[in-house]
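**Q** This structure is in structure tokens; I'll ask about it shortly.
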Amino acid sequence: MSERVILAYSGGLDTSVAISWIGKETGREVVAVAIDLGQGGEDMEVIRQRALDCGAVEAVVVDARDEFAEGYCLPTIRNNALYMDRYPLVSAISRPLIVKHLVAAAREHGGSIVAHGCTGKGNDQVRFEVGFASLAPDLEVLAPVRDYAWTREKAIAFAEENAIPINVTKRSPFSIDQNVWGRAVETGFLEHLWNAPTKDVYAYTEDPTLNWSTPDEVIVGFERGVPVSIDGKPVSVLGAIEELNARAGAQGVGRLDVVEDRLVGIKSREIYEAPGAMVLITAHTELEHVTLERELGRFKRHTDQRWAELVYDGLWYSPLKAALESFVDKTQEHVTGEIRMVLHGGHIAVNGRRSAESLYDFNLATYDEGDSFDQSAAKGFVYVHGLSSKIASRRDQR
């Protein structure tokens, strides 16, 4: 039997061409694996059949929506993960899950090679290949788009010459990646930093002015850092993301225009849409402000940033990430309560917080009757707190 290549298949141009190219140029069989991460668009059965029509000996569809939400989106929420304080890791968190299922498919279908359709300029090649090296170092990796310098024009020409059944146009301006956590758009005229995004860039969000007269107030409930309810009704993590995608998206919430530092050393402009993600991260962050002790909250802000960097850099399976998550599990013991927000005009405005685990003490905080704060203790505290600065200043003024 010929060697088998297990291909991460999206249904798009590059991976459809890859099926035919691998067969013709290397004589290997291709098993196409398409992962449903809630990306919507084409029916997954249509994508599966396209892989077969392109020459795959087998085509597998994996419904990983709940797994993605519980195992990948949820840690992103609990870590308040925003790379460069902006990007909620839309694509980055999906790659390790795809890697996991490709490795499983290789074991099941007798594959000795795994393949992806990434270019040599992006982060995803790193995420895929570091993931493969971590989970299955025995598997060979094939990256035809990168290793053979495919361009879009070359891929289209190959598709036409070999009657590959896929509808494409050389004028299609954008590169798009999407899943239930969000949508990423790049290339085309967006590569010129002064060009503003046009309406056709967006699909998950409405124009922020469209529903200007009808703001949406929403209450998100958490238990130990896990979103469990919306407006008092129980939801799964996936259900929370999907509902907030719809509601926040209708208010234009979650649009991000970002110039980010890629792992490969270049800067790249990306347009992201992540309405549900931004609402959940905002709500979770706010609940931590209420329930985490000051020093713990201050330190966790550092680990949140480091976790986001590790995931962005393709180190999902790293020991440091695993250690940080053990720390975060401990921090979430008291992150239980509800956050109320108004979604309006592209913005998220928090206007209410309640938690049985709150560290906010009304009697200590109030300036009105009932104040229990012992203000007589403040004078000595201020003296001791500023003593080291006072001594240093006295020395410097000699």
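Using the three backbone atoms N, Cα and C, a Cβ is placed for every residue, glycine included.
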**Q** Out of GLY111, GLY117, GLY120, which is the one Swiss-Prot records at the ATP site of ALA8, TYR9, SER10, GLY11, GLY12, LEU13, ASP14, THR15, SER16?
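**A** Looking at GLY111, GLY117, GLY120, the one Swiss-Prot places in the ATP site next to ALA8, TYR9, SER10, GLY11, GLY12, LEU13, ASP14, THR15, SER16 is GLY117.
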**Q** May I ask you to report the DSSP-based helix, strand or coil state of GLU260 (L-citrulline binding site)?
**A** strand
**Q** Can you give me the residues near the recorded ATP site, meaning same chain, not ALA8, TYR9, SER10, GLY11, GLY12, LEU13, ASP14, THR15, SER16, GLY117 themselves, Cβ no more than 8 Å from the center of the site's Cβ atoms?
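**A** Neighbours found: VAL17, ALA18.
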**Q** Based on DSSP, name the secondary structure state of TYR272 (L-citrulline binding site): helix, strand or coil.
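**A** Looking at the DSSP assignment, TYR272 (L-citrulline binding site) belongs to a strand.
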**Q** From the centroid of the CB atoms of THR119, ASN123, ASP124, the recorded L-aspartate site, which same-chain residues not already listed sit within 8 A by their CB, in sequence order?
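**A** Result: CYS118, LYS121, GLY122, GLN125, VAL126, ARG127, VAL264.
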**Q** Same chain only, sequence gap of 6 or more: which residues have a CB within under 8 Å of the CB of GLU260 (L-citrulline binding site)?
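**A** Within the chain, GLU260 (L-citrulline binding site) has Cβ neighbours under 8 Å at TYR83, MET84, ARG86, TYR87, LYS267, SER268, GLU270.
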**Q** State which of the following binding-site residues has the fewest other Cβ atoms within 10 Å around its Cβ: ALA8, ASP14, THR119.
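**A** Among the binding-site residues ALA8, ASP14, THR119, the lowest count of other Cβ atoms within 10 Å belongs to THR119.
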**Q** Tell me the Cα distance separating TYR272 (L-citrulline binding site) from ASP14 (ATP binding site), rounded to the nearest angstrom.
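**A** With distance taken Cα to Cα, TYR272 (L-citrulline binding site) is 22 Å from ASP14 (ATP binding site).
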